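Here's the structure we're looking at; comments come further down.
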């Protein structure tokens, strides 16, 4: 395990003073205790903060809502999964036998959670500056590729214009589910781009918010290199 972790640490650009933190970050709950669930919680907050700083410093012309949408697209499961794949993070995960047999090392949710846990482990190992350096290193290519003109548009508008530019039919939005009590409902909407066989699911406290998230996820798929 130590040799494999050396490779991962080189990819992260961070050498752990306490390698046990990194091992815990890579340990799924199916493997046993201690696992990475608590680290994932902390890493999510650290990632949101670092990405917010990066967007604030790089895009002085963007408004709060525009930066919030961009941050959401970068720190969502899809964004985390992309970074985790670049790190070959699945190769380093410690999973229970059943989870390993079912392909858990490829599952986007497990990879995304583990990456957030790695960010937390870096923070606990050497502080916020170290965690920020790792996140900046991994996320800079995606942030550098952002077009501020496109970012200023809401996701549904941006997706519509992108498809029109490619001479493709417009997307459709289908209400899939409504969860919760009347005073605290969560809406689930599916965005379908049938010409590309693309389906994404967004969630929000109202239908419009769910549609916007679904469109944002579709955009992220279409903008992949």
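Using the three backbone atoms N, Cα and C, a Cβ is placed for every residue, glycine included.
Lifted from Swiss-Prot, the feature list:
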type: ACT_SITE; residues: 44; note: active site
type: ACT_SITE; residues: 116; note: active site
type: BINDING; residues: 40, 113, 116; note: Mg(2+) binding site
type: DOMAIN; residues: 5-127; note: domain 'RNase III'
type: DOMAIN; residues: 154-224; note: domain 'DRBM'
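Neighbour counts of Cβ atoms within 10 Å were taken for the recorded positions 44, 113; the minimum is at 44. Looking only at the recorded positions 40, 116, the densest Cβ neighbourhood within 10 Å occurs at 116.
Each residue contributes its Cα atom, and for residue 116 (active site) and residue 44 (active site) these two points are 6 Å apart. Helix, strand and coil content of the domain 'RNase III' (5-127), in residues and according to DSSP, is 90 helix, 2 strand, 31 coil.
Rounded to a whole number, the C-alpha distance linking residue 44 (active site) with residue 113 (Mg(2+) binding site) is 9 angstrom. Model confidence over the domain 'DRBM' (154-224) is summarised by a mean pLDDT of 89.
The Cβ centroid of 40, 113, 116 marks the Mg(2+) site; residues of that chain outside this set whose Cβ lies within 8 Å of it are 36, 37, 39, 41, 43, 44, 112, 114, 115, 117, 120, given in sequence order.
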